[in-house]
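Visitor: This is the structure I want to talk about, given as structure tokens.
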Ligand code: PLP
């Protein structure tokens with residue numbers, strides 16, 4: 001069987017060894033005579049999976065004891081609501097940096113909960129760049145500052161994070177575990193799993209423990225972070241299979257040499273694709289400004305609609321999947337998350353160079 005060169009934005013490629021291991025273990029997990037999906041979430045076998053995922057993530061991301069790890073459902077989209085519900089409070093103001101459609105969606109939900117403020121934005125330039133740190137203007141009484149660390153649709157990524165006297169909240173759905181970060185700098189991090197962490201169905205939240213103290217008492221039980229923190233994310237039935245897959249992906253990251261090694265490889269992979277763009281004399285026009293380029297989602301347009309269609313059709317024939325850009329940017333997008341091998345990026349760059357030579 002030939003595996004596709006998978007450049008989907010999410011859900012996206014999973015490491016092949018992880019899929020093979022899941023396949024091997026599918027019918028009989030650790031001699032239980034059951035699939036991992038058939039285990040009770042209160043069994044000791046499942047408990048070991050659950051805690052191994054948590055411990056591995058803690059170690060790989062160097063998460064300090066000041067922070068707890070939660071496995072929730074509802075996707076990153078539910079976090080757009082849970083963050084303000086839990087952290088905003090009556091007299092405070094939720095601050096947002098707008099760097100793309102996902103930050104806009106996060107802001108939209110916060111507006112339903114309380115007062116908000118746009119601390120910086122690159123909307124006027126169709127989100128081609130990440131605002132400079134010195135241009136971020138906090139409101140008075142800021143409850144938190146929300147950023148989107150990687151903008152999946154526009155292909156931009158924060159290089160450095162704001163270091164301001166305010167709790168920093170980050171949507172890291174599309175670049176968690178792709179590079180080393182200082183978790184201690186963040187009050188809360190959230191990420192849907194389906195790009196770098198595993199299949200969809202589980203959402204990781206990393207929350208500084210003292211934030212739990214400011215949560216209002218009138219929230220629905222399932223939307224209150226304290227419910228999940230106090231029950232080790234086992235208040236109700238968790239997405240057990242997704243968490244099992246997460247633990248396998250984390251084991252794979254360890255085998256690759258950890259986040260540092262993954263980061264080095266991600267830089268190498270992105271450089272290969274950006275080189276094909278930069279060597280094309282503008283034939284492939286990058287959407288993102290150079291110093292805001294994402295290592296995860298490479299966005300570019302071709303000279304016209306016809307060439308874009310031709311490019312995508314030929315790409316499909318060669319086994320490259322998921323290269324059509326999002327409608328708000330147009331053109332193409334190559335999502336090159338952790339599980340996409342260097343070889344796939346090299347093959348894509350080779351195809352791009354060849355297409356450019358034939359059609360420029
Ligand atoms: N935030 C970012 C940066 C994303 O890329 C996505 C999905 O692509 C989401 C949020 C929404 O995630 P979910 O589908 O898990 O709700």
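Just so it is clear, glycine is given a Cβ too, placed from its N, Cα and C backbone atoms.
Pulled these features from TrEMBL for this protein:
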- 42: L-glutamate binding site (BINDING)
- 76, 77, 102, 152, 171, 194, 236, 237: pyridoxal 5'-phosphate binding site (BINDING)
- 5-346: domain 'Aminotransferase class V' (DOMAIN)
- 195: N6-(pyridoxal phosphate)lysine (MOD_RES)
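Give me the local environment of each listed feature.
Guide: Secondary structure at residue 42 (L-glutamate binding site), taken from DSSP and collapsed to helix, strand or coil, is coil.
DSSP assigns residue 102 (pyridoxal 5'-phosphate binding site) to a helix. The Cβ of residue 102 (pyridoxal 5'-phosphate binding site) has 21 other Cβ atoms within 10 Å, all protein chains considered.
Under DSSP, residue 195 (N6-(pyridoxal phosphate)lysine) is assigned to coil, being neither helix nor strand in the three-state scheme.
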Visitor: What average pLDDT does the predicted model assign to the domain 'Aminotransferase class V' (5-346)?
Guide: 98
Visitor: Once the chains shown are all counted, how many other Cβ atoms turn up within 10 Å of the Cβ of residue 194 (pyridoxal 5'-phosphate binding site)?
Guide: 24
Visitor: Which of the listed recorded positions (42, 195) has the least company, meaning the fewest other Cβ atoms within 10 Å of its Cβ?
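Guide: Output over recorded positions 42, 195: least Cβ neighbours within 10 Å is 42.
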Visitor: What is the one among the binding-site residues 77, 152, 236, 237 whose Cβ has the most other Cβ atoms less than or equal to 10 Å away?
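Guide: Result for the most crowded candidate: 152.
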Visitor: Would you mind checking how many other C-beta atoms are within 10 angstroms of the C-beta on residue 171 (pyridoxal 5'-phosphate binding site)?
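Guide: Counting Cβ neighbours of residue 171 (pyridoxal 5'-phosphate binding site) within 10 Å gives 29.
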